[in-house]
Amino acid sequence: HDGDDDDDDDVDGNHFGKDVLQTEQTKNTDGNFDHVEISECRDTNTVCKTRVYRRRWLIVILFSSYSLCNAFQWIQYGIINNIFMKFYNVSSFAIDWLSMIYMLTYIPFIFPVTWLLERKGLRVIALFAASINCVGTWIKVASVQPNLFWVTMLGQFTCSFAQVFILGMPSQVASVWFGSDEVSTACAIGVFGNQLGIAIGFLIPPILVPNVDDMNELAQHISIMFYITAAVASLIFLLVVFVFQEKPEIPPSLSQVALRDMPTTQYSYLASIARLFCNKPFILLLISYGLNVGCFYAVSTLLNRMIIEHYPGEEVNAGRIGLTLVIAGVVGSLLCGIWLDKTKTYKQTTLTVYLLSFVGMVIYAFTLNLGHLWVVFLTSGALGFFMTGYLPLGFEFAVELTYPESEGTSSGLLNCSAQMFGIAFTIIQGKIIDHFSTLAGNIFLCVFLFIGSIMTALIKSDLRRQKFDLSLLTRPGPCGPRETILPFSEDRKSSLGQNFQLAVI
């Protein structure tokens, strides 16, 4: 919103009642050229301007960086499960909980964190995330003694608390900083940081912490890994303090213009959650997303156990297989994000990727015990490409189905579902592996991926955000194809929320 009512009284009345949109290149104070769309609301004497800033790339990369650092720590214990079992003299199940604590912590804390996001904004959430993650890394530095398992668990719990401020933010960062033709790609980049962190978590710990028998030497290796992580987390925290910005001065899309103009008195967090739970397409997505991502969490957490059972002594290759799984998923995420921005085929893409995740899981399950590591690398890559590539699809599909509800709320609920299924699947699959076989455990996951595919097929593709943007940009008028009539009443600010709902319907 640019200018006030009194400033625009001399606007030409020949197009009274119309909103003229024009695209131009403007130069900001830093000398950077930014894409600008200007919408003049003639009937309300207001001017709506959108702009995308080059700074948006710095913001999303910085977000991806602290997401990466946090995600690395989620899997750094699980991928060398047998080594930490020996060092701390605890059971395999206890080491599994160092990964599952990330899932458990998320469930009770996501709702107050999402409320805080709505009240305080992205910068406050980013500061909490980076600072808490930094504290957790330094706690773990002090835990490198065989009798201090509880300290390493405390450090991991602290990092898991930081994750609550991170996991649901990619779609929020994308919507606040990126234009409507970039949001899916930006969301994929945001998820990319988390995926890359998991990939590094698969690769680096087996290299830094080899399976040696000398406890003092092993403690030294673990200490080096923890110190490197703490140094990186500290640097990222400082960058967030000095660089991360709340939001651009001018919003990047017309839907964001409208959300900014909505009076805060009209927004209720509890009412928003209630509306989401009455949204049947979103509920189907909520469950199917949880099933898919929960399976990914279980496979990632138990990967070391599955690989070592069939390929003893291959801890380093187990990490490389995990790396292959996630890097393939990174490629899948970016390609899917770009594809969505180009085609807007949300349901078709989501369903296709979901079905291929199921097929990939079936192939992985039945080829794991063939005795050829190259086959495992190949099948893990295929599984990761689709299963990990599904993550940003779920976020963006949820935003479309629930607009104008907050992206942070819908993403938070999706992740909450994923954590609950992730805990259940990890515990149950671990018990099945212990009492039966890895094949039986993987078939267990295949069943639920098949159920999730059916549920995804049943989702009604009600793309509310797309409908709103199109209602503003595609209606022809006497000034040309870019002229449009915005659904704003005369008392624009007080009635904007209701007009959104009408525009969506």
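Glycine too: its Cβ is placed from the backbone N, Cα and C atoms.
The shown structure was predicted, so the numbers you read here are calculated from the model rather than taken from an experiment.
As recorded in TrEMBL:
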type     : residues : note
TRANSMEM : 57-77    : transmembrane segment
DOMAIN   : 59-464   : domain 'Major facilitator superfamily (MFS) profile'
TRANSMEM : 97-117   : transmembrane segment
TRANSMEM : 124-142  : transmembrane segment
TRANSMEM : 183-204  : transmembrane segment
TRANSMEM : 224-244  : transmembrane segment
TRANSMEM : 282-300  : transmembrane segment
TRANSMEM : 320-339  : transmembrane segment
TRANSMEM : 351-367  : transmembrane segment
TRANSMEM : 373-393  : transmembrane segment
TRANSMEM : 413-433  : transmembrane segment
TRANSMEM : 439-459  : transmembrane segment
Exercise for the section: May I ask which of the stretches 57-77, 224-244, 373-393, 413-433, 439-459 has the most CB pairs under 8 A with the transmembrane segment (124-142)? Expected result: 224-244
Handout entry: Cβ-Cβ under 8 Å with the transmembrane segment (439-459): same-chain residues at least 6 beyond its ends
Key = 281, 284-285, 287-288, 291-292, 294-295, 298-299, 302, 306, 347, 350-351, 354-355, 357-358, 361-362, 364-366, 368-369, 397, 401, 421, 425, 428-430, 432-433
Fill in the blank from the handout: Same-chain residues at least 6 beyond the ends of the transmembrane segment (57-77) with a Cβ under 8 Å from one of its Cβ atoms are 84, 95, 98-99, 102, 126, 129-130, 133, 136-137, 140, 156, 159-160, 162-163, 166-167, 169-170, 173-174, 177-178, 186, 189-190, 192-198, 200-202, 204-205, 225, 229, 232-233, 236-237, 239-240, 243-245, 300-301, 322
Completion exercise
Ranked by Cβ pairs within a distance under 8 Å of the transmembrane segment (373-393), the first of 97-117, 183-204, 224-244, 320-339, 413-433 is 320-339
Problem - Sequence-remote partners of the transmembrane segment (224-244) [C-beta within less than 8 Å, at least six residues beyond its ends] - result: 58-59, 62-63, 65-66, 69, 72-73, 76, 122-123, 126-127, 129-131, 133-134, 136-138, 140-141, 143-144, 204-205, 208-209
Handout entry: Same-chain residue ranges lying at least 6 outside the transmembrane segment (320-339) that approach it to Cβ under 8 Å
Key = 75, 79, 184-189, 191-192, 195-196, 198-203, 299-300, 303, 307, 345, 349, 353, 373, 376-377, 380-393, 396
Completion exercise
Whole-number mean pLDDT, the domain 'Major facilitator superfamily (MFS) profile' (59-464), equals 82
